[in-house]
């Protein structure tokens with residue numbers, strides 16, 4: 001018995017296996033659909049031309065040309081020239097500094113040179129102004145000598161020495177409070193002095209050679225505690241006395257009771273054998 005064409009086996013067979021094949025067969029699912037197309041037939045799915053390899057090969061879309069040519073590397077900087085220029089500038093600065101220092105030292109040395117006899121500037125004689133250092137003080141005209149009296153100064157080197165008052169004897173103590181000192185021999189004799197520096201440099205008078213002679217020939221050295229007889233315990237006579245300055249002070253002698261001072265001897269600024277004498281009567 002013949003079967004109807006729509007349900008028979010040929011409907012599921014391979015396409016082209018028999019006559020009157022149904023519309024489900026054909027090239028859409030058969031071998032020709034996946035085989036290489038004929039040369040005259042264009043590719044079924046827009047395959048790339050044969051010259052471009054299929055698959056994952058490089059294409060014009062992702063090739064290097066898509067991003068343009070690589071950037072040109074920056075030119076090499078002349079590092080050697082820069083370093084050389086820096087060194088050259090440093091050397092020039094050092095040379096300039098040396099020249100400036102040499103000129104400064106040369107000018108300073110010439111300005112500090114005390115011998116300026118060739119100077120064309122006006123001197124004190126032409127201007128009528130005497131140098132300040134040559135102006136004598138009130139006591140600088142005192143002649144040098146080795147003997148003085150109360151109120152009469154004596155000059156030794158650049159120091160003018162004056163006994164300004166008569167000795168004050170019979171003093172029982174000097175100082176105050178816990179630093180009060182009493183005489184060991186009976187009385188303190190106090191003598192007022194004035195030192196004036198008329199020179200051009202500081203003078204520090206010596207005190208080790210100062211002594212007093214009494215009327216009987218007894219000798220007494222200046223006491224080490226003489227500073228206690230001065231206000232604020234300050235004996236400025238034997239400190240540095242600067243040019244044009246004056247120092248005053250009191251010196252003390254520990255003298256036997258009943259003895260009277262007659263002569264004061266000292267050598268504050270002269271040679272060791274240059275002794276001055278002051279009459280205390």
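Using N, Cα and C of the backbone, Cβ positions are placed for all residues, glycine too.
Not measured: the values here are computed from a predicted model.
Marked as compositional bias 'Pro residues' by TrEMBL: 1-13.
The compositional bias 'Gly residues' annotation in TrEMBL covers 15-33.
What TrEMBL records for 109-121 is compositional bias 'Polar residues'.
The annotation compositional bias 'Low complexity' is assigned in TrEMBL to 122-144.
Residues or ranges marked as domain 'DUF4352' by TrEMBL: 150-268. The predicted model assigns the domain 'DUF4352' (150-268) a mean pLDDT of 95.
Here TrEMBL flags 1-71 (among others) as region 'Disordered'.
For 109-151 (among others), the entry in TrEMBL reads region 'Disordered'.
According to TrEMBL, the feature transmembrane segment maps to 79-105.
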Next on the checklist: Let's see if you can do this one: DSSP helix, strand and coil counts over the domain 'DUF4352' (150-268), in that order.
Outcome noted: 15 helix, 54 strand, 50 coil
